[in-house]
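Working notes for the structure below.
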Amino acid sequence: NLWQFENMIMKVAKKSGILSYSAYGCYCGWGGRGTPKDATDRCCFVHDCCYGKVTGCNPKLGKYTYSSENGDIICGGDGPCKEVCECDRAAAICFRDNLDTYDRKTYWKYPASNCQEDSEPC
């Protein structure tokens with residue numbers, strides 16, 4: 001769920017998901033359309049696509065189990081929400097791997113009017 005995703009981002013990327021990724025670019029936050037603006041925004045695009053493939057679990061509300069070892073996330077269990085955990089894990093790692101190009105000044109609260117192109121397919 002979103003709270004678990006927030007905690008996962010904190011563990012892996014050492015940033016607050018809410019304060020760093022909830023309104024970034026065209027895809028980080030609610031909804032999304034257009035072309036991802038940078039590598040971080042692409043992390044969110046891929047995360048949205050991943051959520052779109054999940055069945056049997058509400059990604060924003062469903063709980064999953066995971067543990068953290070040496071900064072890595074291990075998704076546990078075999079329930080339907082394990083897929084959500086794997087989506088969240090991949091996004092948190094993607095955020096961490098792209099911290100060097102994260103551009104808050106340009107893409108934080110990026111206007112939706114700049115995201116009007118047709119979305120590329122997942």
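Note that Cβ sites are derived from N, Cα and C of the backbone, with glycine treated the same way.
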Query raised in the report: According to Swiss-Prot, Tyr27, Gly29, Gly31 bind Ca(2+); which one of Asp38, Asp48 is listed for that same site?
Result: Asp48
Requested in this report: Can you sort out which of Cys115, Cys122 is the disulfide partner Swiss-Prot gives for Cys26?
Outcome: Cys115
Query raised in the report: Looking at Swiss-Prot, which of Cys28, Cys57, Cys75 bridges to Cys44 via a disulfide?
Result: Cys28
Report summary line: If you consult Swiss-Prot, the disulfide counterpart of Cys81 among Cys57, Cys75, Cys94 turns out to be Cys57
Query - Cys49, Cys50, Cys75 - which one Swiss-Prot pairs with Cys85 by disulfide - result: Cys75
Query raised in the report: Going by Swiss-Prot, which one of Cys87, Cys94 is joined to Cys50 by a disulfide bond?
Result: Cys87
Query raised in the report: Between the disulfide-bonded residues Cys49, Cys87, Cys115, whose Cβ has more other Cβ atoms within 10 Å than any of the rest?
Result: Cys87
Report summary line: The most crowded of the disulfide-bonded residues Cys43, Cys57, judged by neighbouring Cβ atoms within 10 Å of its own Cβ, is Cys43
